[in-house]
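What Swiss-Prot annotates here:
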ACT_SITE  Ser683  active site
ACT_SITE  Lys726  active site
BINDING   Gly360, Pro361, Pro362, Gly363, Val364, Gly365, Lys366, Thr367  ATP binding site
DOMAIN    9-204  domain 'Lon N-terminal'
DOMAIN    596-777  domain 'Lon proteolytic'
Amino acid sequence: MKDFLRLELPVLPLRNTVVLPHTTTGVDVGRLKSKRAVEEALSADRLLFLVTQKDPEVDDPAPEDLYAVGTLAVVKQAMRLPDGTLQVMVEARSRARLLSYVAAPYLRAVGEAIPEPPLKDPELARVLVNEVQEAFERYLQNHKTLRLDRYQQEAVKSTRDPAILADLVAHHATWTLEEKQTILETPEVEERLKRVLALLLRDLERFELDKKIAARVKEQMDQNQREYYLREQMKAIQKELGGGEDFLTEIEELRERIEKKGMPEPVKEKALKELKRLERMQPGSPEATVSRTYLDWLLEVPWTEADPEVLDISVTKRVLDEDHYGLKEVKERILEYLAVRQLTQGKEVKGHAPILCFVGPPGVGKTSLGKSIARSMNRRFHRISLGGVRDEAEIRGHRRTYIGALPGKIIQGMKQVGVVNPVFLLDEIDKLSSDWRGDPAAALLEVLDPEQNHTFTDHYLDVPYDLSKVFFITTANTLSTIPRPLLDRMEVIEIPGYTLHEKRAIARYFRWPFQVKEAGLEGRLEITDRAIERIVQEYTREAGVRNLDRELSKVARKAAKDYLEKPWEGVRVVDAEDLEAYLGVPKYRPDRAEKEPQVGAAQGLAWTPYGGTLLTIEAVAVPGTGKVNLTGNLGEVMKESAHAALTYLRAHREEWGLPEGFHKDYDLHIHVPEGATPKDGPSAGITIATALASALTGRPVRMDIAMTGEITLRGRVLPIGGVKEKLLAAHQAGIHRVILPKENAAELKEVPEEILKDLEIHFVEEVGEVLKLLLLPPPPPPAVQPDRPQPGVGA
């Protein structure tokens, strides 16, 4: 071969192959320019450059579409086929680097041959030659499609030239164009051998992995065939025994349902495992019944089924307003949640459905509000009553080892609704109890914790179940009996008692039309606002509207009976004066405060789970030895408030003109009427102090002012709870002036405007301010004075 330096030769672009030096290759040439290049080479010294295209899809490659390194080759033979294609045999002599292209009707370039460099490390090259030959032999043994004839294999085995070996192996191996081009572009022989060896070892690892996978697949196929064979045998045996065909059909149906159910993979595996156990049992055995029941539960509980949600907050607002009057805070919270869902719809946003806890007196609409939320969101609704539940298994279910075991109320509810995204109402969560069987409140921690409930595990199912899409709502009358860890999982929304105005609106626009329709008197019966107001004040005493609804129902039923006995024309209107004919004698007298000042009595305000109420506190001081008697079914906190008030008065005796030594010379009796009703809490502190000061000084107390506030030994007035309920009670009782702790001022925004405009609120920080407002000058002294100071007598 003559010494190649720089040559100007035709260029033959190659689409799907890389020709390496020291090899002879056949190339089909079909493109017009490529044919011209071959013909030009044949007409000259038969030399040309073979260069691979970067993109095989390019039909008319430009210089920039070709790699810079190719092969200098000699055309050994060319034959034209009937379709015009040239079949060319080329012998690759050496690597070549193309330097520049020359303008011509075909691709033509100036390039230079790249001679093989001398070996840098002959010993390393020798070792690499042996390793490459050994690896290539194993490569041929394991390759599924590559087959070399005896002469080709011998050429690889016998060569000791490292450069030739690297090119021959790369030529025969089924590597990508990019990998072969990398070998072509590697000038150093040792580096070239290393790359060839690395590619061979990579492929050998792949072959081993393929073998393992194939063996595993074959083993699985053999196992499936074996199971199929045994199953067919079992069918035949059962058929001979009689009665087995139905059982095997049932097994196949269960298997098909499991495959189609869309369970999570671990659940599916457990179901199939249980099905295999069932298959080996006698159809009528008790164990088979247990397995069937378990599989039925797994198949009937929803895993992926979901209702499409309505995420239009205008629709939701309309539905909530249709069903409930007022409850602004609750509705606002639901609309906030839906607004976020609407804005993030279709996005992967990590978030959880809120877990709301509605707290309020009976009859304010907590349960019905849950139904409205479900209706407004187009979700299915399920209610679970927790009142009196004392067994943990009611929540988590029983383990299958027990006879008659079933899942808990949560999983039963999910089966009932049939979707993974219902609204669940856990009613009366404050009335849970516990005993030796466990604490259901502790079991609810997992249900109501957004970080845990996506893997809730019922003891019966014994597989993780995702509750994260369930919208949980709980209801309670009071927070005091809910365990703190459970309460921490919930967003508490207080639903206070309704005002007289709200009750009148609810009765007028919601409950009365419903009761008239139920009685079949639409268009024949009406009721006045005065009648509704009288029912609220004299026939019911509640924070909600349940009894009001019951009384309205009585009126409608009584009118229906009257209509059947003696039909009337037009519309009958029920007025306040007619109520005794429909409802009988009033059950309550309106809660009215005393107007005249009293000695030894003070008007307090209290809050109960059923709403606010007036709390009159009486105090009497009689000659004695300093005993303090507290009556009226008082709790420990209220008794401590009484002692704190008494200590404050002792410390400020001179300021308020109290008898000297009264704590030793007089017995004090503090009483709170309605002794059958338990009372507790610190908010009666200033009321007790006022009643005691009045009893000890004989100064009357203004009874047209009600008060509430906790007292300290220093005479400070601390904030209290239930402000809205207490102000509603004062307003309903006809009191227009109320004393509140100054720190409660911010809570007035929760009180309806129509109530506030009728009230004069006095905010106080010290007990002294209270006593100055309430204590009037003492009455004229009696004609005959006793031997020692005599305090006023309590009312």
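The chain as shown is numbered from 1 upward.
Keep in mind that glycine also has a Cβ here, set from the backbone N, Cα and C atoms.
Of the listed binding-site residues Gly360, Gly363, Gly365, the Cβ environment within 10 Å is emptiest of other Cβ atoms at Gly363.
Its Cβ placed at the centre, Lys366 (ATP binding site) has 26 other Cβ atoms within 10 Å. DSSP assigns Lys726 (active site) to a helix in the three-state reduction.
Taking a C-beta cut-off of under 8 Å and a sequence gap of six or more, Lys726 (active site) has these contacts in its own chain: Leu605, Ala606, Trp607, Gly612, Ala706, Thr708, Val738. Highest Cβ count within 10 Å among the recorded positions Thr367, Ser683: Ser683. The sparsest Cβ neighbourhood within 10 Å, among the listed binding-site residues (Pro361, Pro362, Val364), is found at Pro362. Thr367 (ATP binding site) sits 30 Å from Ser683 (active site), taking the Cα positions as reference. Here the Cα atom of Gly363 (ATP binding site) is found 25 Å from that of Ser683 (active site). Listed in chain order, the extra residues whose Cβ falls within 8 Å of the Cβ center of the ATP site residues Gly360, Pro361, Pro362, Gly363, Val364, Gly365, Lys366, Thr367 are Phe358, Thr475, Asn477, Ile495, Ala543, Gly544, Arg546.
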